[in-house]
């Protein structure tokens, strides 16, 4: 049996599922794992799937892929573009899209497991394949751990994983040490006083207050942190009101905060609280705002020695030109939850998926930021080749680097 | 047969329907009109109802009540509070509430018609009762007219109507000449570039642009119009984004603009366009914003002579203390569409619904604006008595003032 | 002796003096008054001048003109334009200009006194001519009163005065009752933490805080007062910093607030305090802001009966077309200090100074607000004729209306 | 002859002079240089001084100190605090203060030259001492070069210099490669329409526009550059208006921009132009804004090999604990003009001046940014010891490292 990875990827892409709703995806994963002969457990951390591939004594390694999609209306125009709609976290119906490449992550890991099964004569040990739900809401890794992951399955000695990103297909980037920022998701709800749109004087207008908050939050990064420190404060959503002639009573803002340094993080979080509270006071609001940290992802810190070993192996296999180090990313991950909980090293790297020609054109024009659709963009559209092949190879090589030799 | 107006009002209040969806309400109205013996036509202007009460030769008058409710989540805590939910104009599910008193308007007009039927020996002429849909979206009056209202039914010589408002129950306010402002509803859609919440540099953040627009729009009223001119620019809704870690590609704002003077209106509308376009340029947006005037309500101008005649009659009937003139309202109406289309005078007045004790307490504390729930507030909760009685009386008196004498 | 009013006006215009520094002007006034034979007292309220013209028994009236100029760099290009410079209240050198027409006020009053002296056979009573300093800083009238004005000189039975404004020359406007708004001048000083322009993180940037305050203050008028209530909040000056690469420690803002109603005034003043304090907190400032009400002018309320009598007389003398009522002005005055202190009626009116052709051209183009230089504009440039003649006539007629008849 | 460096420093501190006005300082420098027996030339680049110390064949090195002070009102409370006042670049009188330590730079260099003269038996070559004017306005180095510096005096083979900063006294920081950011100083002048403070509708209020510009400029750093790229946009001054009741016609803003990367610099400068122009359009201004880049300082790039040699020597002499590398500074310098013009290496380092106890207290409290007065702060107050000694030693050691050996 050979999986057609192209068909698998296109199918997953066309059927994205939001966090903790990955039931169709999990079913496909579990079926494939059973076909490959692995021990399969579904429902680990609600919708997660664990596959165990035992191959004699030797090291235990974890290979991780995340499965969930995003509330984004796909605009790629691809023949296999998603037309799926679902209710988002805020109860509003939205499009759903694999705008962050988790469909590719699943494809890669299934492809790599197929290779490892086929080549089981060349290595020894145990591979634990983690198909994680809900990475986008930073809850899935923790859910699997809380569901007994480390007790119910072989405990890994290293955690390995990879992410699709907007560098040319075929290129791989590894960063030793701090590889990705920490993230906090924060919901802010402010309470004004609603009323008729023609009588603002009898209301406290939360739309104005929310707008003042957004403008003021910009100053946290522009004025309050060291100019070279990693710091991002994004207001990803802002919702207030239902009708132009009604001043609503409330507004809700969703913030995403990125940082590496604990001091910077504290400064940003304190600053958000300070600004939101003061702006509510400036508006004369008497009900205090609600500021909730919904979830927190730690920074992703790669083991330096294990990363450098892998860098050397990748360079030897793929050529030095295709192995780069683009430095710390401002994006965030919960893959570190597995390594931290197990107390073992992590290596997490990036694999390119962009059409190399389009990338070079944009680079030559100095328009990489403007013209290349990045992760989370409604236009994010990786090319299938050599993206699929390279991602399978990297995972297989990383596994072999950390498994034992053939035992006979 | 006597209608229980209390029960009718409570039932209507508990079952609000959004604009052009007033099918249950229209059914109740039509049934009552038939019970009263009027000629009844349903479906005039989609969900409107017309009842004709003929009583010999004499003047033809129109009495108008509007029927629709608002996308507001009721928070009154009343036993008959609405728990209805529906999809709003933006496709988002919302609560529905009679937060503007149209339930009372329907109750009053049915009560008044019952009285006019009962007392038909005392007057002559024809009463055309207009139960209008979709006043809140400023489309219902026009829909009825476009559906042949003035040709299919007796053409009125005067249009009469009234609105429930947040003055003490029992009190009536009439204003000759400009009684209510004109209104424009405007939708603004701006187009940035979406992307990952941690990589703002590859996006054009529409949340920031929308917030800058809101802050800048304040200056139209604070800096660009004569301080005594009537001018309101409200941003009633602002929606952008679905998830805190995704920078969305678009934001949508809903504006309500109020003015009396054509020059002021032009200045505000031009200013909105100027500000929105410039703020999009300040953000480097390359796709121009879409600015749509969704609907426009003319100012409501009462006929001076007819208003003063009615003021005198009300003062004689109810006592001078209960007949006030609170001046031009910033709210808007489409009742003037009927009088303008027919080329006849209009008198439109306000009837109080607030608990007089609560009102006096708030007034004594100088907190009328803060403490009294106004029209469109989720806490808007008129007392039933004497609100119902007074509104029936005003309508009956206004009708009799403009109908002919008993013909015998 | 006949004064050349043209030459006098041009000379005063070319030599403007700031509030309480009107020594040259006062000297010219005093010399003219002595030439006319009045009793002259200089130094009343620092730089004020009082002239008394006694003409037998009869009513005592006060005619008032203010003398001070403004810290504005004249840009009229007139041959007699001011090139005077002086230190402003903030210690900064600035140009000085008669941008509010007080040079014309002095010219008018001297011209009117010359007429009253020449025609003393036609009237009886006493004229007290008040040449007031420091109207622009709302301190001069009070200074004269505090200096014993009402005890040292005949106590008037009515106070009369007039202001040059941007309506066509020859036209006069009277408004009975509320004629001009009340005004409060407020200085706000905020305290951040200064530092190097390249290290914002070690500072609290008062330039950003001041800007946020300015944007937020707009919402007082746009959201917090009844749309038809008179309310203005202007930030007339904002000063912070000395050099682009130093973040300063402080910023200073100068506000001018206009209102008629005491409740509106309280709401605006409370709102300013609320917003300034909250914005300083939003910036993390630990030193509280200083908010000082520097001076307060009451609203200017004309006596209704006296105003209507004067309107009738003006209409008879000048023709009804040249006597208008443009309603309550948002500008402010301290002329009411005299009438209030004396407990007597006030009539204060406006006299036009604009080239009628230019005015009609701008009006026809709908560009009166944009194209006509108003009081306080660096381009404010009244035409001399018939402005001078009309202003002398109005003052003489107003005096004669309120003085006694010829006694013989 | 031995200079008392303490007395010299206190005297210079008490008598600061603004850029290109350093005549007293230059006189003191020239007198000391003559006392030491150097060839002295004054007036090089207006107020600069060059001293040449020849000591046989060998390398030619340049040692550079800058002499100018800042328009800052000193608030240190020191017995030798400055009370000097002068007119700033904007024509406004201001305090003057050595808030950036150039008084210490002069003291150090004179002290080092005294040592090099005294120890001339231990080295060979030529020392060119550059006492530069106008570093704060980034014009002095260029002025000296334009005045023939490299032709009229021995041409150096390396340029050496040092800056006092807010790290503990005794500590030295060297950074190889990019040591300080590039800087652009930009003046923005916007043109509204002035008028009376009570009539905003006839004006275009530049105070509001300037404030909107300041708020919007924050988004360049918060949204438009990569979060780890060095980028600062500071509005160091903002001036508009003279009186609270006059709306001014203009506002002026002074910006300081910092960057290392040419692409980031272009993005910031383009962004400033885009935002300023769009905000003026949002206000309806018809006269375009003036945006002037007043001066540009290139990034300060240290020669890697020469820096590392010096680091080793410093570590050996002072102990490794006192030699740190705090990385690229966001501050800017024009010292690189000398090395670039001469085409030779540069080494530029930082020497601490803070009371070590105060520093450790602040560090322990996590309040280094808040509690330690940095360069340009009105509270900047270095301790004299061991600051003076260490700065003299570093300069002597750096000179000896780059001069030749004793020739005999």
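Backbone N, Cα and C define each Cβ position, glycine as well.
Where the annotation comes from TrEMBL, it is an automatic prediction and has not been curated.
The Cβ neighbour count for residue C:376 (Mn(2+) binding site), using a 10 Å radius and every protein chain shown, is 28. In the three-state DSSP scheme, residue C:376 (Mn(2+) binding site) falls into the coil class. Residues annotated as Mn(2+) binding site in TrEMBL: C:100, C:102, C:136, C:163, C:376.
Among the features that TrEMBL reports, domain 'Peptidase M20 dimerisation' is placed at C:182-280.
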Under 8 Å by Cβ from residue C:136 (Mn(2+) binding site), counting only residues of that chain that are 6 or more apart: C:18, C:19, C:68, C:69, C:70, C:100
Cβ neighbour count (within 10 Å, all chains shown) around residue C:102 (Mn(2+) binding site): 28
Structural state census, the domain 'Peptidase M20 dimerisation' (C:182-280) (DSSP three-state): 40 helix, 36 strand, 23 coil
CB contacts for residue C:100 (Mn(2+) binding site) [other CB atoms within 10 A, all chains]: 28
Whole-number mean of pLDDT values that fall within the domain 'Peptidase M20 dimerisation' (C:182-280): 96
Three-class DSSP secondary structure - residue C:163 (Mn(2+) binding site): strand
Cβ neighbour count within 10 Å of residue C:163 (Mn(2+) binding site): 27
Of all listed binding-site residues, namely C:102, C:136, C:163, C:376, those lying near chain D with CB under 8 A: C:136, C:376
Secondary structure at residue C:102 (Mn(2+) binding site), reduced by DSSP to three states: helix
